[in-house]
Amino acid sequence: MKSTKAFAPATVANVSCGFDILGFAIDQMGDTVTLSEREKPGLEVLSIKGDGGKLPYESHKNTCSVAIQAMLDELGVNPGIEIRLEKGLPLGSGMGSSAASAVAALVAANELLGNPFQKNDLLPFAIAAEKAACGAGHADNVGPSLLGGFVLIRDYHPLDIIKLPVPDGLHCVLLHPHYELNTSDSRSVLRDQIPLKHATIQSGNVAGLIAGLFQADFQLISRSLRDVIAEPYRAVLIPGFYEVREAIKSAGAMGMGISGSGPTLFALCEGNEKISDIIEAAQQVYRSIGLEVDAYHSAINTRGAYIL
Ligand code: HSE
């Protein structure tokens, strides 16, 4: 009986101006999924570690089994597979926790089944799992978790995913305050319609960010890290948002935004020299409002998910 194990990294979705269409992957942090064949057909989630008992074991609810089932349905097969999930990411954090589980499960399942799919072709199955987890089939976490680097989702129908360049020396800081914010709650505060002038501002910034990545122009990237569509509505769910932004920009960050649907905040930095000042400045603000925070820093992960 064969067994496979895969790792998928944490991600920062949206990257300020790219609501549901941009994301990048983080080094080191992520989820690990081990799959083992068994005689009895069907999927079974056998163990989940590191979730504090919060994630579902039922196959139709767990993001790992939902993702794998979507893949098996496409292949028209029904093998017996046992699933073991090790969470390396906090739940409801905005660091792509459900995406990392689904992507690690798919990469392990593809290997177990003899690689019937190319890596890119796994994305629709991961999107199905995101839909089950939070009600919205967005790809800006699963895309970069699977493929690594910066990823643009140009279109969803049909899916058109583009990998973007990662300039040398681009670093990221993540600030994770100790509370959970569900993506579905964080999406429920958004508006269905946006004013034309906001669409114009947002398009300019998305284009500017992408041009900045291609040209390795850190000033242009910095100017483009602005979101007028989601952030103004979500910031009220995130205590200290504006104070942290002010403090870490003064400490040398290129810009800051909400990581995915929050409450984690991300900052981009040129090089890693100012990272400890940026983290200290943020921690001061969080201390002043009585919130505990974990701070991480990382280069941009260009590898994505892989077999262990
Ligand atoms: N683009 C999604 C959102 C990411 O902002 O709701 C969720 O992590």
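FYI, residue positions are counted from 1 along the chain as it appears here.
In case you wondered, yes, glycine gets a Cβ from its N, Cα and C as well.
Keep in mind that what you see is a predicted model, and the values were worked out from it rather than measured.
Copied over from TrEMBL, here are the features:
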- Pro90, Leu91, Gly92, Ser93, Gly94, Met95, Gly96, Ser97, Ser98, Ala99, Ala100: ATP binding site (BINDING)
- 65-149: domain 'GHMP kinase N-terminal' (DOMAIN)
- 211-287: domain 'GHMP kinase C-terminal' (DOMAIN)
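Taking each Cβ in turn and tallying the other Cβ atoms within 10 Å, the top scorer among the binding-site residues Pro90, Gly92, Gly94, Gly96 is Gly96. Within 10 Å of the Cβ of Ser98 (ATP binding site) there are 26 other Cβ atoms, across all protein chains.
Around Ala100 (ATP binding site), a 10 Å sphere centred on its CB holds 33 further CB atoms from the protein chains shown. Looking just at the domain 'GHMP kinase N-terminal' (65-149), the mean pLDDT is 95. Compute the center of the Cβ atoms of Pro90, Leu91, Gly92, Ser93, Gly94, Met95, Gly96, Ser97, Ser98, Ala99, Ala100, which mark the site for ATP; besides them, the chain residues with Cβ within 8 Å of that center are Ala10, Leu89, Asn141, Gly260.
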